[in-house]
Amino acid sequence: MGWAWRREQWAVLWLCVAVLGVALAGAGVGAFEEGTAVYIVTMKQAPVFHKRLDLERFGSSRIAGGGGADTPATSILMKPRHGPAQPMNYGSYLVRLQNSLLKRTLRGERYIKLYSYRYLINGFAVVITPQQAERLSMRKEVANVMLDFSVRTATTHTPEFLGLPQGAWVQEGGPQCAGQGVVVGLIDTGIDPTHPSFADDLITDSYPVPAHYSGICEVTNDFPSGSCNRKLVGARHFAASAITRGVFNASQDHASPSDSDGHGTHTASIAAGNHGIPVVVAGHHFGNASGMAPRAHIAVYKALYKSFGGFAADVVAAIDQAAEDNVDIISLSITPNRRPPGLATFFNPIDMALLSAVKAGIFVVQAAGNTGPSAKSMSSYSPWIFTVGASAHDREYNNYVVLGNNLTITGVGLAPGTDGDSMFTLVAAPHALKNNAARPTEMSLGECQDSSHLDEDLIRGKILVCSYSIRFVLGLSSVKQALDTAKNVSAAGVIFYLDPFVIGFQLNPTPMDMPGLIIPSSDDSKVFLNYYNESLVRDETSNKIVSFGAIAKILGGQNPNYGFSAPKVMFYSARGPDPEDNSLANADILKPNLIAPGSSIWGAWSSLGLDSAEFAGESFAMISGTSMAAPHVAGLAALVKQKFPYFSPAAIGSALSTTTSLSDREGNPIMAQRTYGNPNSTQSPATPFDMGNGFVNATAALDPGLIFDSSYDDFFSFLCGINGSAPVVMNYTGNSCGASAMTGADLNLPSITIAVLNQSRTITRTVTNVASDESYTVSYSAPYGVAVSASPAQFFIPSGQRQQVTFVVNATMNGTSASFGSVGFYGDKGHRVMIPFSVISKVVHGS
């Protein structure tokens with residue numbers, strides 16, 4: 001599943017370290033010493049990209065397609081992308097400086113340098129002791145030293161649900177053109193290059209590898225030469241930090257871009273998998289699959305693994321390489337395992353590397369995390385990152401069991417039904433042991449994991465009843481094994497009832513190649529068991545079962561049902577408000593940015609995939625999580641990038657954000673699930689802290705009308721505005737903070753969020769017209785307890801020009817509960833630009 005727990009397993013050899021190119025230094029080679037750890041060290045000297053940008057700004061070189069000296073490098077229409085790379089001798093020079101620093105500081109001592117970062121940040125990852133880290137931090141060349149930390153991983157119908165075939169794809173020339181020329185870089189668990197979703201032999205017309213992309217395809221025994229093609233244009237892996245920690249299992253995790261988990265193959269296909277690939281699972285055809293941008297190109301940077309998840313040092317190396325390779329979009333379906341410590345959540349190696357990626361013109365998408373539904377559960381923090389929450393879509397797979405007492409119970413299972421209208425006798429596994437043995441104590445027997453103890457003559461032609469316990473959740477038992485058991489004893493079908501100890505766990509539809517279902521509700525399971533037990537006929541003397549009186553039939557669940565109450569925010573999707581620091585102070589930043597389909601998503605599955613045992617050996621899997629939502633938006637961003645190739649990352653994010661939908665398919669407000677258990681019974685209207693700007697609307701995003709743009713300089717000023725941040729900002733960026741009072745509310749974001757409204761506040765937003773000349777009217781709905789005025793209330797804006805709008809916000813009552821409103825920009829040519837308005841604490845003067 002997208003939120004699967006990760007297990008650690010010991011396996012490390014120094015030979016593996018050498019294979020990965022890890023430099024060994026110091027006195028001899030031996031076992032990794034106790035008390036050492038991986039540290040990420042950044043240096044003050046500018047990295048390759050920043051040096052290149054400085055040269056361009058001062059006229060030493062120009063980027064192909066760039067404007068004159070008066071054009072900001074990070075403006076909407078001219079951003080620093082796809083130019084000639086800075087001569088590699090500067091990058092080599094930085095590596096030499098890093099090595100020299102280590103040798104001079106740790107002379108004669110043992111250390112292991114894992115990575116040299118040089119493109120987005122100048123620094124390295126190194127295995128050292130805390131004492132060595134302290135000495136490095138004292139060097140004048142060093143900006144920052146941080147302990148490495150762990151991270152974790154957080155569709156056939158969704159193109160139709162998002163309106164792509166009749167909308168955005170049509171505008172791009174159809175699925176055969178949608179996304180062409182755009183490279184989506186995915187930092188995940190790798191990819192299965194043999195999957196037809198990533199083949200290029202289905203394409204007969206011109207489909208060149210984009211000229212701006214400069215990545216390579218790593219070649220190993222399990223990722224042989226020829227694995228890459230015009231679709232899968234690059235693939236690498238990063239595991240040095242994991243190997244040195246001793247958690248890398250070479251036989252399971254694979255030191256290559258190959259995907260032994262399944263998660264990376266799944267997310268890549270959602271973003272940019274080929275169009276029209278048949279989805280056949282358990283022998284049944286469920287339709288055809290397509291990525292959101294089926295003509296875009298894929299580059300894979302594997303930094304996550306089945307056994308343990310991943311580590312920041314490896315992820316930062318992957319980000320740095322993706323940027324150097326000139327990807328257009330980075331998609332991360334990963335989140336940190338804990339909230340970053342320190343002055344603010346924004347100051348961590350991953351987010352700061354992504355800030356440099358944004359400076360390089362790369363649009364960055366990240367999953368919100370699967371830690372909902374509680375407030376402040378957000379796992380993606382920074383305003384330069386586009387954070388995506390998960391919603392349901394309108395397709396559901398349900399099957400049913402009809403009992404002999406005429407009760408019908410809903411189940412889950414991608415399975416056929418029993419034959420016709422015939423009713424079949426129900427027999428529970430513990431009641432069908434050979435020789436009529438006593439009730440077993442081994443859970444595996446009740447879970448139907450072993451057919452050798454079951455009486456085939458008793459079960460033949462009947463429906464076998466099995467327990468679905470916590471062991472299935474932990475991977476100790478499996479539905480596939482139970483199905484094998486049912487076949488071995490010639491059962492007509494199989495029904496799983498939910499063990500009462502499995503609480504708050506949502507079951508995805510599970511493929512079954514025989515009639516079957518899982519009853520996902522503990523309450524319904526009790527009803528089912530009561531009927532079964534009350535129908536047993538027992539001997540009055542011995543209490544032994546004489547006959548089985550319960551009967552049932554299974555209605556198939558292989559055909560989808562389509563409803564109108566979608567989208568809705570899923571219970572696991574992480575929520576705002578955005579926590580600014582570990583004290584959980586609120587940031588003036590809206591998170592998530594929006595929601596996209598993330599529940600029960602079909603996607604390609606690796607032939608080696610182990611992450612979802614129920615889909616082992618299948619070529620497609622249906623899984624859920626914000627991990628699935630993020631690549632939806634990465635693919636849709638590729639469509640925006642294709643139409644507006646010179647949009648900055650902020651402009652792409654704005655186009656997606658201001659054009660969202662705020663209602664479901666029936667025209668009612670989007671709902672949000674509020675509890676982990678029985679989530680559909682606790683829904684209430686979603687707020688911006690649940691869904692951000694709303695549900696993504698790909699077609700509208702291709703004609704946004706107005707854009708809210710922000711540059712790297714804006715984000716830099718925001719960081720400098722955090723109290724006490726100047727030294728930290730200097731350490732991460734190498735630049736000094738000037739005087740800055742900027743807060744998150746002052747950033748030119750397509751939303752307004754005020755954590756604390758102390759009496760009054762003036763907020764400005766600047767919009768840029770990316771359509772034709774148009775007149776706009778500004779309308780707003782003020783949050784409860786707040787008075788708002790806007791100026792100007794109307795304006796005319798020529799194409800390509802900017803307009804500033806000022807909002808004066810006054811508290812009218814004291815309160816600490818968040819309240820919400822909205823601002824709408826309504827154009828006379830049909831454009832409708834909407835942004836949410838959120839105020840948390842309100843303080844009235846003199847109260």
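Glycine too: its Cβ is placed from the backbone N, Cα and C atoms.
Bear in mind that TrEMBL entries carry predicted annotations, made automatically and left uncurated.
Feature annotation from TrEMBL assigns active site, charge relay system to Asp188, His263, Ser627. Taken from TrEMBL, the feature domain 'Inhibitor I9' covers 38-153. The annotation domain 'Peptidase S8/S53' is assigned in TrEMBL to 179-677. The domain 'Subtilisin-like protease fibronectin type-III' annotation in TrEMBL covers 746-839. Residues or ranges marked as signal peptide by TrEMBL: 1-25.
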Cβ neighbour count (within 10 Å, all chains shown) around His263 (active site, charge relay system): 32
Rounded distance in angstrom between the Cα atoms of His263 (active site, charge relay system) and Asp188 (active site, charge relay system): 7
Helix, strand and coil totals (DSSP H, G, I; E, B; other) for the domain 'Subtilisin-like protease fibronectin type-III' (746-839): 1 helix, 63 strand, 30 coil
Asp188 (active site, charge relay system) versus Ser627 (active site, charge relay system) - Cα distance in angstrom: 10
Asp188 (active site, charge relay system): tally of other CB atoms within 10 A of its CB: 29
